[in-house]
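Each remark here refers to the structure printed beneath this line.
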Amino acid sequence: MHFLDQAKIFIRSGAGGPGAVSFRREKFIEYGGPDGGHGGKGGDIIFEAVPGLNTLIDFRYTQHFKAQRGHGGAGSNRTGAGGEDLLIKVPVGTQILSEDREQVLADFTVPGQRQVFLRGGDGGRGNASYKTSTNRAPRQHGTGWPAEEMWVWLRLKLLADCGLVGLPNAGKSTFINAVSNAKAKVGAYPFTTIRPQLGVATHKGREFVVADIPGLIEGAAEGAGIGDRFLGHIERCRVLLHLVDASGDDPVGAYEIVRGELDAYGAGLADKPQVLALNKIDAVDAKTLDKLAKKLAKLGGGEVMRLSGASGEGLPAVLDKIIEILGPAPETTAANENDEPWSPI
C-alpha cells in the first residue's frame, strides 16, 4: 500500500431545504389558510477515526465531499426530509488543519472517535409559520440556511510505540526488516527510504509498532528534505531508537546532527525516552567501537548499545531495552471479523 501523509480536500455540508408555500384545499372550505411545511435540515459532515489504516492515499483520488441538501417542505404542514449526513473515515492519528495549515481544527487519536465538523443548514420556514392576524394568506417562505464549506488539510501522524531516527544510511530500514515484517527497501546509498514505514515487532511475546522515517539531514527541523514532515510522525512515539552508523566517516558528528534536529523541532522530541545504539558493528573493530561508545556516552549521558541489523548481533538486547521503557502491553480488544473494508466514505 502506498503511503500518503497529507491531503487537501474540499468539504461542504448540505444546505437546508426550502419551506413550502401551500394553502389548505378541502371541499366546502373556500379559504383553508396556509399549510406549507418547513424545509428539511441539510446533512452534516462527520469525521470518524477508523483502525486498520495508516495512509491517506484514498484522498488523493477523492477530494470533494458534499453532504446531501435538505428536502423542501410540503403542504399539510409536512416538514421536508433531512439531508443524509456524510461520514468521512480517516486513519487514527489524523489531524484536520485549516487551509493555511496554521490551525489544528481536529485531532483523531482514538479508534471510533467522531466529530461533527460542518453542520448542515436548517430548513427554511414554510408559509404557514408566517400567518398573522393581519396577513392570513402569506406567500413568503424561507429558502433554507446555506451550507458550510471549506478546504482543509488532512495530516497523518503515525501512531507507533518506537520511532527510528538517524542520518540517511544509518541502517534503520535493515533494523525494521530484521525485527518485523515491514519489508522496507534497503540499499547501499542514502535516502533509500523515501516515505515512512511501519512494522510490528514481536519479542518475548510482546508486540509493539516500530516507525521508520526517512533519514534526517541538517536543517530537517526547518523543512530541509521535508524533514519537518517526517519528524511530525514521531511526535507520538513513546520511545525513540537513535541509530548511528559505526562505520561512517563521523559517527559522533552524525549523532550531534540528529540530536540537534530533535532539539530544534521541539514538540518534546528531545525529551522522549531514547535508546542510543551503534549500528553496523560487524564492519568495525572492537577497539574503535569502544572509543565511539565512550564518546557518545559522554554526549548522550547514557548507555550506548551495539547491534548489527544485518547479522542480528545485539538485536535481542536492544529489543529488551525498548520493551523495558514501553512497559506492560496495553489491553486490546479483538477486531470484529465482520468489519467492512475501509473506505473514506
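Glycine is no exception: its Cβ is also placed from the backbone N, Cα and C atoms.
Lifted from Swiss-Prot, the feature list:
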type    : residues                                    : note
DOMAIN  : 1-159                                       : domain 'Obg'
REGION  : 121-142                                     : region 'Disordered'
DOMAIN  : 160-327                                     : domain 'OBG-type G'
BINDING : 166-173, 191-195, 212-215, 279-282, 308-310 : GTP binding site
BINDING : Ser173, Thr193                              : Mg(2+) binding site
Per DSSP, three-state class assigned to Ser173 (Mg(2+) binding site): helix
Long-range environment of the region 'Disordered' (121-142) - Cβ separation under 8 angstroms, sequence gap at least 6: 13-23, 31, 33-42, 70, 73, 77, 79-80, 82, 148
Distance, Ser173 (Mg(2+) binding site) to Gly166 (GTP binding site) (CA atoms, angstrom): 11
The one of Lys172, Lys280 whose CB sees the fewest other CB atoms within 10 Å, among these binding-site residues: Lys280
Asn169 (GTP binding site) CB neighbourhood, other CB atoms within 10 A: 21
Residues of the region 'Disordered' (121-142) by DSSP state, where helix covers H, G and I: 4 helix, 0 strand, 18 coil
Binding-site residues compared (Ser173, Ser308) - the one with the fewest other Cβ atoms within 10 Å: Ser308
Cβ packing number for Pro214 (GTP binding site), 10 Å threshold: 23
Cβ-Cβ neighbours of Gly166 (GTP binding site) (radius 10 Å): 25
Across the domain 'Obg' (1-159), average pLDDT on the 0 to 100 scale: 92
